[in-house]
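Participant: Starting off with a structure, shown below.
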Amino acid sequence: MSSTPRAQTGNAPVRQPARRRNYSESESEFEDAPPAVMAQRLKPLFPGESRSLSGIAMRAFCLGIALAASFITMAAILIFTDHPIWRAPFFLFSLALFHFLEFWTTAERNTLNAKIDSFLLTANWPSYAIAHATATLECLLVSVFFPNRSWTPLGLGPVLLAAGLVMTIGGQVIRSLAMLQAGASFNHLVQTRKAESHVLVTTGLYSVLRHPSYFGFFYWGLGTQLVLGNTFCFVAYALVLWKFFRDRTVTEEANLIVFFGDDYKEYRKRVGTMIPFVP
């Protein structure tokens with residue numbers, strides 16, 4: 001659920017991309033290598049390892065099933081009834097899409113760091129799972145026992161629903177784009193040592209948001225609760241997400257100042273986070 005967004009500065013050295021080897025060259029290397037050497041090279045891809053191909057395939061398959069099932073369920077409820085319980089499968093759809101895109105964006109632009117953990121399915125376990133289970137439960141209980149209730153003042157229910165949809169979709173788009181733009185400089189874990197590929201990103205989304213992936217997830221999370229119509233969980237999500245990102249940026253930016261010195265200090269002065277009370 002987190003990230004380490006960065007991009008290139010004008011002073012950063014320009015590195016030429018390494019020449020891509022074609023398939024025949026790569027296959028030849030493996031065919032000529034002794035079986036023991038080849039097995040050692042490919043060990044991370046074996047079942048039970050951090051980059052297990054079977055593990056990645058199974059998780060992608062399950063997320064695809066969840067995406068399809070939740071979308072079909074949501075559409076059926078909306079088409080054939082006027083019951084507000086459609087919000088629960090919408091939440092499941094949003095979660096499945098989020099976790100798929102976390103892995104896909106990493107695999108697409110930060111391939112060397114793509115692993116099973118990139119799905120973030122067990123991130124901050126078990127608190128993350130408890131939060132989403134509680135949100136789903138609140139929505140289901142209210143939808144079943146109080147289907148016609150509205151806690152929103154002045155008849156603002158439709159407005160808040162629309163705002164929630166915009167925040168959920170917009171937050172997801174911003175987070176995924178931020179990860180793609182940061183490329184190899186992005187990491188789901190706060191980095192304490194500067195990697196060779198780590199450069200300060202200040203273009204694109206990073207020119208207007210200092211931590212666009214955090215911004216995207218913060219408003220995505222709040223947006224899902226508005227769509228669900230959750231009162232308790234909206235407040236809880238707001239407090240927990242705010243504290244999480246406030247504490248994380250303090251730790252992360254201390255490291256970024258060590259990595260990039262005055263360049264990052266100037267960037268921090270120039271660009272804000274746009275997350276309330278996270279300067």
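Every residue number used here counts from 1 along the chain in the order it is shown.
Note that Cβ sites are derived from N, Cα and C of the backbone, with glycine treated the same way.
TrEMBL annotations: computationally assigned, not manually curated.
Note that the coordinates shown come from a computational prediction; the quantities given were computed from them, not determined experimentally.
From TrEMBL, for reference:
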- 1-11: compositional bias 'Polar residues' (COMPBIAS)
- 1-34: region 'Disordered' (REGION)
- 60-80: transmembrane segment (TRANSMEM)
- 86-104: transmembrane segment (TRANSMEM)
- 125-146: transmembrane segment (TRANSMEM)
- 158-178: transmembrane segment (TRANSMEM)
- 226-245: transmembrane segment (TRANSMEM)
Participant: For the transmembrane segment (226-245), name the stretch out of 60-80, 86-104, 125-146, 158-178 with the most CB-CB pairs under 8 Å.
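Facilitator: Top-ranked stretch among 60-80, 86-104, 125-146, 158-178: 125-146.
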Participant: Suppose I define contact as three or more CB-CB distances under 8 A, residues 6 or more apart in sequence; do the transmembrane segment (158-178) and the transmembrane segment (86-104) meet it?
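Facilitator: In contact, yes.
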Participant: Give the nonlocal contacts of the transmembrane segment (86-104) in its own chain as ranges (CB under 8 Å, at least six residues past its ends).
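Facilitator: For the transmembrane segment (86-104), the sequence-distant neighbours (Cβ-Cβ under 8 Å, at least 6 residues beyond its ends) are 56, 59-60, 63-64, 66-67, 69-71, 73-74, 77-78, 114, 118-121, 132, 135-136, 139-140, 143, 168, 172, 175-176, 179, 188, 220, 224, 227-229.
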